[in-house]
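Novice: Have a look at this one before I ask anything.
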Amino acid sequence: MKKIKSSEITSYSDYLSRRDFLKTMGIMTAGAALLAACGTPQDEASTVVNPSAEDSSGISPSASANTDELGKPLNSYEDITNYNNYYEFTTDKERVAVLAEGYPTSPWEVKVGGLVNNPKTYSLDDFRKFEIEERIYRLRCVEAWSMVIPWMGFPLSKLLAEVEPKAEAKYVRFETIYDPEGMPGFKKNPFYQWPYVEGLRVDEAMNDLAILATGLYGKDLLPQNGAPIRMVIPWKYGFKSIKSIVKIDLVDEMPRSLWMAAAPNEYGFNANVNPNVNHPRWSQASERRIGEFGRTETIMFNGYEEEVAHLYAGMDLAINF
Ligand SMILES: Nc1nc2c(c(=O)[nH]1)N[C@H]1C(S)=C(S)[C@@H](COP(=O)(O)O)O[C@H]1N2
Ligand SMILES: [Mo]
């Protein structure tokens with residue numbers, strides 16, 4: 001994976017303080033995206049990010065490289081922000097951005113608790129303290145499409161270190177905001193067991209690849225990508241990377257995710273990217289990289305085998321759910 005320290009980009013805290021300054025001045029437009037990857041805050045005052053059209057802001061999305069560490073080209077900002085899975089809004093991947101536009105993601109609180117010594121409710125301000133890095137990761141959806149995305153974020157392990165999991169804690173349970181009035185997908189898809197819940201084992205959660213993302217392409221996350229803060233777990237199918245988190249609990253039993261409740265034999269807890277274990281209804285041997293023609297072969301653990309295979313030593317990888 002590509003890792004860049006925030007000192008080489010613009011730090012999230014610089015960006016947040018700049019945002020507060022603009023707020024005080026009363027000149028920030030809702031949804032303005034502020035973070036420039038080249039170290040110079042851009043002229044955001046006149047800017048509204050328009051996720052559907054070309055970037056009308058005049059700010060070009062930026063990343064530290066054009067490819068991931070395997071030489072695969074980054075997906076465009078337009079692709080990443082206009083082709084989404086976010087069932088709380090809609091199951092139509094090309095409509096999420098439209099329906100999510102302007103969804104309020106500030107102020108925001110993430111309650112971190114359960115089996116920890118220091119439970120804490122984090123505000124957006126509290127996230128300033130974490131050093132933001134760029135992580136260029138492949139995202140592989142269980143539906144067999146994929147993208148390469150330059151996320152901004154910080155390792156989940158750093159947040160866990162602050163709250164201090166107790167010895168009895170075996171799993172981390174994440175929960176997305178529950179907002180049936182504000183997000184149309186709840187009422188359209190009432191058969192799902194909302195809110196969206198996901199989970200990791202504590203040792204998986206401590207792996208350096210597992211990040212809490214706050215931005216992409218040097219910009220603040222847009223609502224369709226899970227603003228203001230979401231998980232990215234690049235070696236697992238995309239549904240594990242839960243969006244718009246409001247609650248994180250350390251627990252002693254395996255959390256039951258929304259997808260486990262819906263179809264445990266199709267979207268189980270482990271969900272490691274694995275070309276050798278097919279989905280009951282389709283092959284996982286290859287995938288469609290958004291923006292490219294043809295298909296590309298799926299790689300074990302989505303190409304992060306070296307970093308994560310040890311987490312599954314002794315496990316039968318043929319049983320992936
Ligand atoms: N709360 C929530 N998180 C979610 C989803 C969702 O529907 N709701 N979809 C998941 C799926 S299936 C994928 S592939 C990724 C897609 O992330 P992206 O839209 O930012 O590419 O988000 C995941 N996180
Ligand atoms: Mo997905």
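From the backbone N, Cα and C atoms, a Cβ is placed for every residue, glycine too.
What TrEMBL lists as Mo-molybdopterin binding site is ASN84, TYR87, GLU88, CYS141, THR176, ASN225, ARG230, SER241, ILE242, LYS243. As annotated by TrEMBL, compositional bias 'Polar residues' applies to 44-67. What TrEMBL lists as domain 'Oxidoreductase molybdopterin-binding' is 106-259. The region 'Disordered' annotation in TrEMBL covers 44-71.
Could you tell me the structural context for the features on the list?
Specialist: Following the DSSP three-state reduction, the secondary structure of ILE242 (Mo-molybdopterin binding site) is coil.
Confidence for the domain 'Oxidoreductase molybdopterin-binding' (106-259), expressed as mean pLDDT, is 98.
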Novice: Please find which two of ASN84, TYR87, GLU88, CYS141, THR176, ASN225, ARG230, SER241, ILE242, LYS243 have the most distant C-alpha atoms, given that the record lists them as binding Mo-molybdopterin, and give only that distance in angstrom, rounded to a whole number.
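Specialist: Across ASN84, TYR87, GLU88, CYS141, THR176, ASN225, ARG230, SER241, ILE242, LYS243, the two farthest Cα atoms sit 18 Å apart.
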Novice: Give the number of CB atoms, excluding that of ILE242 (Mo-molybdopterin binding site) itself, located within 10 Å of its CB.
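Specialist: That number is 24.
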Novice: Would you count the other CB atoms within 10 A of the CB of THR176 (Mo-molybdopterin binding site), including those on all shown protein chains?
Specialist: 23
Novice: Does any of THR176, ARG230, ILE242 have a Cβ within less than 6 Å of an atom of ligand 1? These are the binding-site residues; tell me which, or none.
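Specialist: From THR176, ARG230, ILE242, counting a Cβ under 6 Å from ligand 1 as near, the near ones are THR176, ILE242.
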